[in-house]
Ligand SMILES: O=P(O)(O)O[C@H]1O[C@H](CO)[C@@H](O)[C@H]1O
Ligand SMILES: [Mn+2]
Ligand SMILES: [Mn+2]
């Protein structure tokens, strides 16, 4: 495979393309994020992803299948035993998580809560799996009046701490999250602690953009470390730096205020003179629409992203390529508010990319192998050999 100067990898967080063969083990039989959004909203208008072959991956109303693509297309299975953001991104970077992180369907143990109370000086409310907006409806008022923490989790291996910004200073919330990570590392492993500040009044509590994620380091070095160690750039946009705990990243552009902000940061990063990887996560798909079970919002966000693809491509030189993918599903028409175990799309575009069918890949790690081969000239198995 010829070497490439720079790859831009964009993760549409939660944009799955249909249930995986083992979806039954996750309670996700019948899920299909792209397919069901299209069905429930009367079709999707995604002309640019259609040209790249999106319509070949699953049945998406409004997105036609075509053999006449301008890029290479395929879909990939998740090998890791999980369906959360952390393991999804680690696998995209070449690391399969064989032992799943535990989840906490009954909340955290008394010991964890006692430690948290002792070390932060504040009590705890809730301690259950919850949707992050519903938890504010049910516990926001009590939190604001009592000054206790709202602690909650989900199907993901996360501990989330919510506090009213005017009740508890952000600095104190962030410190409590650092303490929670230490406690969990000792007593109840999680992939992430998430600070969830909110504002507003009873019946009207809303989360702010001051969310902050505290992740654990990947279990072992990933493709990002190898790219960085070879002297190339690894530019992180959005949650990427947090997800990898800074490991293998040479520069972070910070978290995104919105998907559009993430797209604009990506466009600016493309204009800079770097070589290596630009790695972007667009989280609104998941956070604002997937978990909130809002197919129409999800549709609009997908259409917005699609409309920027030509501009993204026009900022790429001869020796660059774009990979559009996801980290798991979060079907907004599905029961509950959790992620769904799905295939992820793999759409590759660039001046040198040969239109081809990449088929069904057995692991997200094929993306990492391909990127390493393209950037470092290594010869890893399972890369997309027909790409350029
Ligand atoms: O419902 P909210 O708080 O948005 O939670 C979602 O965000 C967290 C991180 O992905 C997970 O817990 C997920 O369920
Ligand atoms: Mn995710
Ligand atoms: Mn999520």
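Backbone N, Cα and C define each Cβ position, glycine as well.
When 5, 13 are compared with the Mn(2+) 1 site residues 327, 328 in TrEMBL, the one appearing in that site is 13. Annotation note: residue 13 (Mn(2+) 1 binding site) sits in a coil segment as assigned by DSSP. Checked against ligand 1, the binding-site residues 13, 291, 327, 328, 339 give 291 in sequence order as having a Cβ less than 6 Å away from one of its atoms. Checking each of the binding-site residues 286, 291, 339 against residue 328 (Mn(2+) 1 binding site) by C-alpha distance, the shortest gap belongs to 339.
Proximity to ligand 2 (Cβ under 6 Å from any of its atoms) holds for these binding-site residues out of 13, 291, 339: 13.
The binding-site residues 291, 328, 339 differ in how many other CB atoms lie within 10 Å of their CB, and the one with the most is 328. For the domain 'Metalloenzyme' (6-375), the model's average pLDDT works out to 97.
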